[in-house]
């Protein structure tokens with residue numbers, strides 16, 4: 001299957017690690033030029049060097065901007081005024097007791113998880129609609145429809161992404177612009193691997209053993225009973241970025257390993 005992404009430029013926010021990095025790699029493999037984003041220039045350049053060792057012909061551009069701020073978004077617009085594919089992957093999460101979350105933490109999660117995507121899409125979607133061609137993808141979470149009591153602030157922002165995505169899809173009615181949301185389940189990113197290593201101190205478990213125990217004890221409804229790999233999410237997002245996905249629009253799409261017990 002050819003995804004026909006040659007000649008397309010994609011921006012993947014938060015793409016120096018985890019799911020974002022895997023998405024950037026997958027898009028580059030399919031021929032898209034990819035803008036690599038992170039807050040630290042050193043990390044951005046390191047990621048570009050790493051991806052070029054995997055994909056020698058890849059066209060990769062650096063974007064060391066803090067997109068959790070209005071200033072950072074404006075700097076990005078000046079550097080890259082137009083893209084064909086926008087993947088709003090940037091996000092923060094942190095388990096916290098609801099009664100201990102201060103107002104400024106709620107605002108921080110809103111600024112990074114919501115306003116980064118709002119600001120970027122406001123600029124880039126307008127150009128896509130004018131051209132009648134483009135792709136916007138929000139990376140949410142299964143927490144959007146199965147909120148977690150241990151991360152109420154995070155879950156709320158993920159639910160909000162679903163509403164924003166659907167509203168924006170309708171703005172592009174009658175064009176070949178699509179706006180969708182992907183909801184990954186628990187995924188084995190670097191941060192999650194670190195968490196697994198700290199969950200069972202003194203038990204000398206391998207990462208695989210800790211993963212199996214975590215899934216059994218904390219994600220019992222998962223059908224696959226393992227953590228999703230970033231590459232699995234990346235392949236799905238790459239397909240949604242391609243012309244082959246033109247009939248999928250305004251959708252909230254689960255890639256959660258069957259974690260959410262629902263037929264819809």
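First residue shown is number 1, and so on along the chain.
Each Cβ is built from the backbone N, Cα and C atoms, and glycine gets one as well.
Features reported for this protein in Swiss-Prot:
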- 154: active site, proton acceptor (ACT_SITE)
- 13, 14, 15, 16, 17, 18, 19, 20: NADP(+) binding site (BINDING)
- 141: substrate binding site (BINDING)
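Everything Swiss-Prot records as a feature, shown here on the structure.
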residue: 13; record: NADP(+) binding site; DSSP class: coil
residue: 18; record: NADP(+) binding site; DSSP class: helix
residue: 141; record: substrate binding site; DSSP class: coil
residue: 154; record: active site, proton acceptor; DSSP class: helix
Within a 10 Å radius around the Cβ, which one of these binding-site residues has the most neighbouring Cβ atoms: 13, 16?
13
With Cβ-Cβ distance below 8 Å and at least 6 positions apart along the chain, what are the contacts of residue 15 (NADP(+) binding site)? List them in sequence order.
21, 23, 24, 34, 36, 37, 38, 47, 87, 89
Students should find that the Cα atoms of residue 19 (NADP(+) binding site) and residue 141 (substrate binding site) sit apart, in Å rounded to an integer, by 12
Between the residue listed as 'active site, proton acceptor' and residue 20 (NADP(+) binding site), what is the CA-CA distance rounded to a whole number of Å?
18
Cβ-centroid neighbourhood (8 Å) of the NADP(+) site, 13, 14, 15, 16, 17, 18, 19, 20 excluded
12, 21, 23, 24, 37, 38, 89, 90
Using a 10 Å cut-off, grab the number of neighbouring Cβ atoms around the Cβ of residue 18 (NADP(+) binding site), all chains included.
20
Ranking the recorded positions 14, 19, 20, 141, 154 by other Cβ atoms within 10 Å, which is at the bottom?
154
Far apart in sequence but close in space: which same-chain residues, 6 or more away, have a Cβ under 8 Å from residue 17 (NADP(+) binding site)?
38, 47, 189, 190, 191
Could you measure between residue 20 (NADP(+) binding site) and the residue listed as 'substrate binding site' for me? Cα positions, answer in whole angstrom.
13
